[in-house]
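Asker: Can you keep this structure in mind? I'll have questions shortly.
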């Protein structure tokens, strides 16, 4: 049984391991059928599909038993002339019974050894059964089955728990959920942080939730190629500092993107600096400024030269043209040490203005929260190196905030919370399970790897200016302040006052995607929940949201996250956010990392020299000495290459290769969802053809269906 527990995908994945010698309770009419068999034979037509994956086929014996309300069939060997169950193949088989089995309840599938051949696991995709009465029923599986294993599949339309009305199905569902609760458990990542799955290694998670071998091979090939190139050039492990900015353009021969080259050429320009707060990899941090914070004493005289002629700071704020980046949540976090010396973390403030050309321009920077003589306000009119250093320290803090909070915690770790809660709370026959599962496909695998490679002792965030302890404190602070509305893009944009700021393509594309996802979710949810009463009595749905509230947001009622669902509308909104987060939002904060952050002068996780405390004392030599050394720079660039690359088995948003819904209505809804995404993709492509800097990260064709990198 332990083996079955380990191999059971998604917590049973349409199956419950049952020992063959345990009889299944059947109605009394079963005995009558055995005693007085009908003379007319009944035939059940089975179409069984093996996945088109490497080594998915099997030479073992496959047996099927059909279980219905009127009894069960004989244990029947699935055997046609020639080879059965080959990779990517479908086969038609027949199960004959002496009478109709009534309404089919379960299908049992067994895999037993053929001759003395070694174990070859079988990836069984699905079975379609045509009954003697003409009903066509889908039985999804989509999991690996080991030798000696017996699985039970439920088919037909998606069913909520209270809709099961047969004792066998009620008992089956109860045992399934008990097993899932034991398989998908929680553990702490640290006080005040979202809880994570309890698996310690990717080898422990169900096979179907792991990366395919081809993706792992692609990833390892890229990593080796990066390492070889950096070693050949003598860059890997080098403790030397860069002699010129131009030398950094020679890090990679083959990894070139149009956007990365643009960043390297334009990183010093103020308009491009401001553009990144809208369409770079961290577009969720600035907000409209109608009144300056008391600890940011910018005066009219300071910024007047950088405003429209005849305007003023007050007028610009009244017109809604002033915006603020305030990193106060980083204030007071102790920095990490490097070679025995403390690094430097600046919890700064940056004031930006939309000028008459509709460009967002930085016009004042203060590098620490408390104003003082040693914490001057830097201006574009300062020396080139002073202004560059001020912008670099703001971007250093932003890079750490982006990677730890907006990328890993708010997409990776929250997606994991949504996934573990769903995997442990929903039966595989539940409509919400079928809706949500495609968006969690590889989340557990990538997160287990990320916690080792990014948050491990030698990981990028551990070697940032904050260090691992500082990064965890930053995430802890953010989670304590996070709100439900901040994860819902329409409310997020409105709360930050960014409804009308020009050239904000993340907002434009993101809101359209939110609406498309919401329309799809609304159609599916309302199909299965025609009234609020249906929501309130669904124990599995209530268990899911309770698990998310408890383990994701630590029961913080002030956050505004629901602890229970009362209405259909609440389910639609929350589910929209849950799908949006690991797809659209993850693409927004992940896909452009190499483009924007591989060029260290533009954005880096670590700076070495302290921030300037007086003006006029720096030079371009200071800028070079402040940047990470050669070895550290190339390691980060290589990691960003890996995180931003596309690998095999890429599944774009809205693509559902696993057929789980059996009813025509949700199938049609999926087609309409895909059509809407396709139309948006065409519109974004057309828009981008007229832009100097195309914004491609939220093109639906470029958004993966789950967090998987």
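Every residue, even glycine, has its Cβ placed from backbone N, Cα and C.
TrEMBL: automatically predicted annotations, no manual curation.
For 57, 79, 80, 120, the entry in TrEMBL reads Ca(2+) binding site. The Fe cation binding site feature in TrEMBL is assigned to 407, 412, 586, 709. Residues or ranges marked as domain 'PLAT' in TrEMBL: 42-159. Annotation source TrEMBL lists domain 'Lipoxygenase' at 159-709. TrEMBL lists 144 with the feature site 'Essential for stabilizing binding to COTL1'.
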Asker: Among the binding-site residues 79, 120, point out the residue whose Cβ has the most other Cβ atoms within 10 Å, with all shown protein chains included in the count.
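Answerer: Compared across 79, 120, the most Cβ atoms within 10 Å surround 120.
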Asker: For residue 120 (Ca(2+) binding site) and residue 412 (Fe cation binding site), determine the Cα separation and express it in whole Å.
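Answerer: Residue 412 (Fe cation binding site) has its Cα 33 Å from the Cα of residue 120 (Ca(2+) binding site).
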Asker: Once near-sequence residues are set aside, which residues in the chain of residue 586 (Fe cation binding site), 6 or more away, have Cβ atoms under 8 Å from its Cβ?
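Answerer: The list for residue 586 (Fe cation binding site) reads 407, 411, 412, 415, 704, 707, given in order along the sequence.
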Asker: Would you kindly give the Cα-Cα distance separating residue 144 (site 'Essential for stabilizing binding to COTL1') and residue 79 (Ca(2+) binding site), rounded to the nearest Å?
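Answerer: Their Cα atoms are separated by 20 Å.
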Asker: At a 10 Å cut-off from the C-beta of residue 412 (Fe cation binding site), count the other C-beta atoms across all protein chains.
Answerer: 24
Asker: Report the mean pLDDT of the predicted model across the domain 'PLAT' (42-159), rounded to a whole number.
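Answerer: Overall, the domain 'PLAT' (42-159) comes to a mean pLDDT of 94.
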Asker: If you measure residue 80 (Ca(2+) binding site) to residue 144 (site 'Essential for stabilizing binding to COTL1') at Cα, how many Å is it?
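Answerer: For residue 80 (Ca(2+) binding site) versus residue 144 (site 'Essential for stabilizing binding to COTL1'), the Cα atoms are 22 Å apart.
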Asker: So if I measure Cβ to Cβ from residue 709 (Fe cation binding site) and keep only same-chain residues at least 6 apart in sequence, which ones fall under 8 Å?
Answerer: 446, 590, 643, 645, 647
Asker: Give the distance between the Cα atoms of residue 144 (site 'Essential for stabilizing binding to COTL1') and residue 57 (Ca(2+) binding site), rounded to the nearest whole Å.
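Answerer: About 10 Å separates the two Cα atoms.
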